Amino acid sequence: KRRPKGHFAAAAGRAKRPRGGGRQLEAGMRGILITCNMNERKCVGEAYSLLGEYGDLLYGPEQFSDHEERLSGSEREEDEDDVEAALKKEVGQIRASTEQKLRRFQSVESGANNVVFIRTQGIEPENLVHHILKDMHTTKKRKTRVILRMLPISGTCKAFMEDMKKYTETFFEPWFKAPNKGTFQIVYKARNNSHMSREEVIKELAGIVGSLNPENKVDLNNPQYTVVVEIIKTVCCLSVVRDYVLFRKYNLQEVVKSNKEDAQQNPSSLTEEQNSEVVKAETEEEEKSSKEVKEENK
C-alpha cells in the first residue's frame with residue numbers, strides 16, 4: 001500500500017526531537033525566544049513563516065547548497081513500506097544537512113513549557129524582531145494566532161551569578177559604556193529555575209550598567225532601553241531592546257490593537273497609567289499560562 005506524500009515528513013515531526021547536538025538551548029546561542037498559548041508545534045510553524053517572511057525582506061532569500069536542495073525535494077517522493085526505516089533515514093539526512101550548513105532559523109528545545117527558542121544564524125535578532133513589531137504596530141495587521149511574545153536573544157550564558165556578571169560586563173558595552181548612555185529598566189523572568197534571586201540579579205546587573213557610565217539612569221516608566229533577562233533552567237538569555245513599552249512588551253497580540261496613544265508612535269506618549277495596563281496584561285497572560293501548565297501536569 002502506497003504511503004501518501006509527506007507521510008514520512010509528518011512522522012518525523014511527531015517523533016521526539018533528539019536532545020544535544022546543538023538541538024537544545026545552551027550557553028553561547030543567539031536567537032529568538034517565543035512564548036505561546038499551549039500549542040508549541042503550531043507556534044514553531046508560525047515562527048518559521050513570520051521570520052522567513054521578514055528575514056527575506058531584510059537579508060535576502062536564504063541560500064541553500066545543492067545537497068540541501070536534493071534532500072528537500074527528493075525525500076517526499078520516496079515510497080517505503082517500512083516506516084521505521086524511512087523515519088530513521090530521514091532523521092539521519094536532516095542531521096547531515098544541519099551539520100553541513102546551519103539554517104538561518106532553527107528550532108531548538110527551550111527547556112520550558114509554552115516556550116519556543118529559534119536559534120538564528122547570520123542575522124541580528126534584535127534588529128529583525130524590532131522590524132517585525134514596528135511593521136505590525138504600524139499596519140495593525142495580525143499575523144499570528146498562537147504566538148504571544150517574541151523576544152530577541154542577543155546573548156546567552158550560564159545562569160549563575162558569577163557567570164552572568166562576567167558576561168554582562170562586556171555584553172552591555174554597546175549600549176551603556178561611556179560615551180554611550182541611556183535610561184533603562186531590567187525585566188526578569190525565570191522558568192524551571194529556583195536557585196536565582198530576582199532581586200539579586202536586578203541589583204547586580206543594574207550595578208554593572210551604572211559602572212559602565214554613571215550617567216545611565218533607571219527609568220521604570222519610559223526607558224530608552226529595556227534589559228531583558230530570561231532564565232530557563234541553567235541558561236540565562238539576555239537582550240537589550242528599544243520601544244519595549246510602545247510595542248506592548250513585545251507582545252504580537254497586543255501590538256496590533258488600535259488605540260489613540262499607539263497612533264502617535266511615540267513611547268513618551270504612554271502615561272504611567274497606560275504602562276501599568278501593559279504590565280497587568282502581561283501578568284494575566286503569565287498567570288493564565290502558569291495555571292494551564294499546572295493543570296496539564298496533574
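Just so you know, glycine gets a Cβ as well, placed from its N, Cα and C.
These features come from TrEMBL:
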COMPBIAS  264-273  compositional bias 'Polar residues'
COMPBIAS  288-298  compositional bias 'Basic and acidic residues'
DOMAIN    135-242  domain 'THUMP'
REGION    1-23  region 'Disordered'
REGION    258-298  region 'Disordered'
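In the domain 'THUMP' (135-242), helix, strand and coil residues by DSSP number 35 helix, 37 strand, 36 coil. Averaged across the domain 'THUMP' (135-242), pLDDT in this predicted model comes to 97.
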